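Peer 1: So that we are looking at the same thing, I have put the structure below in structure tokens.
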Amino acid sequence: MANSLLTRRQLFRSAKIANDNQRYKDAINYMNDLVTKYVSLTSELTKKERNMLSGAYENFIGPLRSAWQTVSTLDRDGEFLKGHNPMRARQIAQDYRTRLEAEISKVCNVILKLLDEILIPSASSSESKVLYLKMEGDYKRYLVDFKVGVKDRTLAAVRAKLAYETAEKIALADLRPLHPMRLGVALNFSAFFRDVLNESEAARTKAKVALSDAVEDMMDSLRDEESKHIMQLLRENLNL
């Protein structure tokens, strides 16, 4: 059955089966079809669908980025060059790196287009807005790795940072410090400062503040539970 003939439920189910069986490319294709066919300004993704979309893309692009990071260091790897013509070996590594960059760029551009044209405009809840903006920051951050030249790299970094800043602003205003989405924004924004901007102190500060706020929120939750218990005892006393 062609994807275009599948219902929304069938597309989600197919994506889940593909994802569970490590067929991540199939999973993102099913979710792409679900988004383009069923999401609009009056119908957004459910929480399960959002999590599937986000998870499938991360599962697919993660190994590609890991391979790119590995192959990017091969020209300095003595074991890789041993027994080979160094120039030829470096060319093989460069060719593979170029192929990986093309594949990663393609994946990033597809999800960024969906985010920009469909997902972000359709988002009505703070949670969905934060997720989509965090994803925008993530996939723009991944593209920074391939930019050559200070101007292009700086422009790409600015675009990623803007998405993270917008996600962070909404998260700080509307989500509890313990909310996984708020913590996720802090984690990835911190990684952006460390890996892209080379600002390790800013990265540590952002992570430290998020962790401190989360711990305080956790203590408040524990106090809330204690208060609820005491209130229940008071109610029981009223019935004595």
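Any Cβ shown, glycine's included, is placed from N, Cα and C.
Residues annotated as domain '14-3-3' in TrEMBL: 8-240. According to TrEMBL, the feature site 'Interaction with phosphoserine on interacting protein' maps to Arg65, Arg141.
I'd like to know what surrounds each of these features in this structure.
Peer 2: For Arg65 (site 'Interaction with phosphoserine on interacting protein'), the Cβ neighbour count at a 10 Å cut-off comes to 15, with all displayed protein chains included.
Under DSSP, Arg141 (site 'Interaction with phosphoserine on interacting protein') is assigned to a helix (H, G or I) in the three-state scheme. Around Arg141 (site 'Interaction with phosphoserine on interacting protein'), taking its Cβ as the centre, 23 other Cβ atoms fall within 10 Å, counting all chains.
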Peer 1: Could you state the whole-number distance in Å separating the C-alpha atoms of Arg65 (site 'Interaction with phosphoserine on interacting protein') and Arg141 (site 'Interaction with phosphoserine on interacting protein')?
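Peer 2: The separation of the Cα atoms works out to 12 Å.
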Peer 1: Compute the average pLDDT of the predicted model within the domain '14-3-3' (8-240).
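Peer 2: That stretch averages a pLDDT of 90.
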